[in-house]
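Chemist: Provided herewith is a single structure, encoded as structure tokens, for subsequent inquiry.
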Amino acid sequence: MASVRIQQTFAKVASRAALIPYICAGDPNAETTLAVMHTLVANGADIIELGMPFSDPMADGPVIQHASERALAAGMTLHGVLAIVREFRQTNQDTPVVLMGYANPIEAMGREAFAQAAADSGVDGALIVDYPPEEYDDFGDMLTSRGIDPIFLLAPTSTEDRMQQVARVASGYLYYVSLRGVTGASASLDIDDVKRQLAVMKKYIQIPICVGFGISDAQSAQRIGAVAEGVVIGSKLVDTMHKALDGEAAQGIANKVVNAAGEWIKGIAKALK
């Protein structure tokens, strides 16, 4: 049973690429995260990837590592992330929320307990970086039986065998990592290479393929949006939010952060129309 919200979102935006911003839950605090989620939607976001902060985010570069550190220092936990989603769902029943993070906090909670709590909170997808597809059978069933899509990464180094493995268990959408390295990598995007890789993946992958890593402005988002079904953008947004904090108190809603996030994502959304 796939996430209805994710399916409906891609059907709704079929004429353009879906805009999928990433933010780290709890950076700088839970109240601001919730407000940012709402302002992202108001300014053009189609799906929200909500990071579950972890002490060793191995696939992430310095920007998201530091965001995770700040969120943990502010007291954010996996239960706290789910509480943010629950509160978001009180006023937004349409925008999909995908949790992104690492296995350790989930293992600490218990896989089935996590799947149930995520479903109860209104989560639509889970992208767990260090759960490979070959280990996903039981956990994938726990998620999909509750309407949560297991979402996977593929990279430029992924073999066609790997693509077939992922195709068997993935639903919702696939996240193609367009650059080698960690999030926030600064190498320039090779659109022709991305197009070639997407063509190979589409031989096996039937769900929408979204592209992330290395997308930092409206121009790069537009170029990727012309060839992919979704554009995932994280490090630049997280960095923009942090720079806007400008010494605001860590308690309550940091309005400068919310405004900066909304203005920045509005420019990206305009480029994808």
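Each Cβ is built from the backbone N, Cα and C atoms, and glycine gets one as well.
Automatic prediction, not curation, is the source of TrEMBL annotations.
Look at TrEMBL and you will find E49, D60 tagged as active site, proton acceptor.
Just tell me what is around each of these and how deep it sits.
Modeler: Long-range C-beta contacts of E49 (active site, proton acceptor), restricted to its own chain and to partners at least six residues apart, with a cutoff below 8 Å, comprise I20, P21, Y22, I23, V98, L99, M100, L127, V232, G234.
Neighbour density for D60 (active site, proton acceptor): within 10 A of its CB lie 26 other CB atoms from the protein chains shown.
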